[in-house]
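As recorded in TrEMBL:
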| type | residues | note |
| --- | --- | --- |
| TRANSMEM | 20-41 | transmembrane segment |
| TRANSMEM | 61-83 | transmembrane segment |
| TRANSMEM | 95-111 | transmembrane segment |
| TRANSMEM | 117-136 | transmembrane segment |
| TRANSMEM | 148-167 | transmembrane segment |
| TRANSMEM | 200-219 | transmembrane segment |
| TRANSMEM | 251-274 | transmembrane segment |
| TRANSMEM | 286-310 | transmembrane segment |
| TRANSMEM | 330-351 | transmembrane segment |
Amino acid sequence: MRKNKMKVTTYLWEAAGSLLDPIVAIIIALTLGAVVVSALGNDVGLAYRALFKGAFGNLRSLTETLLATTPLLLTGLAFGVAFRCGLFNIGIEGQLYIGSIVGAYVGFTFSGLPPLVLLPLTLAAGAAAGAAWGFLPGLLKAKVGAHEVINTIMMNYIAIHLTSYLVGPDGPLRAPGELPATPWIAEGARLAKLVPGTRLNTGIFIALGAAVLVWVILWKSRQGYKIRAVGLNPLAAEYAGINVSRSIITAMMLSGCLAGLAGIVEVAGLHYRFYDSFSPGYGFDAIAVSLLGANHPVGIALAALLFGALKTGAMSMQVLAGTNRELVRLLQSLVIFFVAAKWSVITILQWKARKEGSIDGRDHGSVKRAV
């Protein structure tokens, strides 16, 4: 019993330590943001109060913040899973698009199925499509060493333009009307509303459940241990008998699965159809969310909430305080900059140590201790 308590305490301290850098980055970003607001002649206190009020001031604001948090949490988890395996999955946006259109197709094609069957089938189809879209760059990385950044960027373009064609003027999935969109999905394929009169739906529970599942997979399963081991040192992992190729493919498929799930949750819970260019860039915001959250499910959830609050509160800040809503993007950029600064320092120290011959360039632990 005492041993278990010590494990829990150690884990909590490690989690708190991993979140320290992002918290410092947020504080610095808010401070510099205040300087900018003041320099423009606006009231700093009023601007930040308006931002908070717009995000959490009443029930409607809170539900909109949670609604904005949902896709950010799922896509942030998608990036975090790949990153834990040493992979930089830039293709989350494309995987999100593929998952959303495939899930939407199932949702309006099999409308005769009962809701208890149709809704899980719709969500599963979206997640599976995203996983399939992540499989190819994972396979190329594992088998021939093709860089995942290049491949996933190309896959993004293919996914976005393919879905644009499918709902375009002559597209086979376009519904009658002026909008480039699919037909409406069936009622049985839609996520239930949580609060009457608001847009918040049960997708937030799916996202939170996914965060718990990712934690269990990465930290409580053999496959998760292998994924993290490959991310820390692929050569050492291979020497220890871990199938590096399989771990890379698994991580990319799991990452794509979460991205596809994010897409279909947006369709099933909010839009009720796929339409062209529906994403404001969730797949790219995922990078910032995951890095800010130290690539840990708990941190990613908090970072997603922060970014969701910034997105929701931006309009209120502009209306109530007269501050340009682009300040929110500035705050996001500053947070990303200061989080990335740490990794830039680590990279420089690695290069310096490698040059001096003190380490082989893969001993991340010693470098982090040096930082």
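Any Cβ shown, glycine's included, is placed from N, Cα and C.
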Original post:
Have the transmembrane segment (286-310) and the transmembrane segment (148-167) got at least three CB pairs under 8 Å, pairs 6 or more apart in sequence?
Top reply: no
Original post:
Under a criterion of three or more Cβ pairs within a distance under 8 Å and sequence separation of at least 6, are the transmembrane segment (95-111) and the transmembrane segment (20-41) in contact?
Top reply: no
**OP:** Determine which recorded stretch among 20-41, 117-136, 148-167, 200-219 has the most C-beta pairs below 8 angstroms with the transmembrane segment (251-274).
**Re:** 117-136
Subject >> Which of 20-41, 148-167, 200-219 contacts the transmembrane segment (117-136) most, counting Cβ pairs under 8 Å >> reply: 148-167
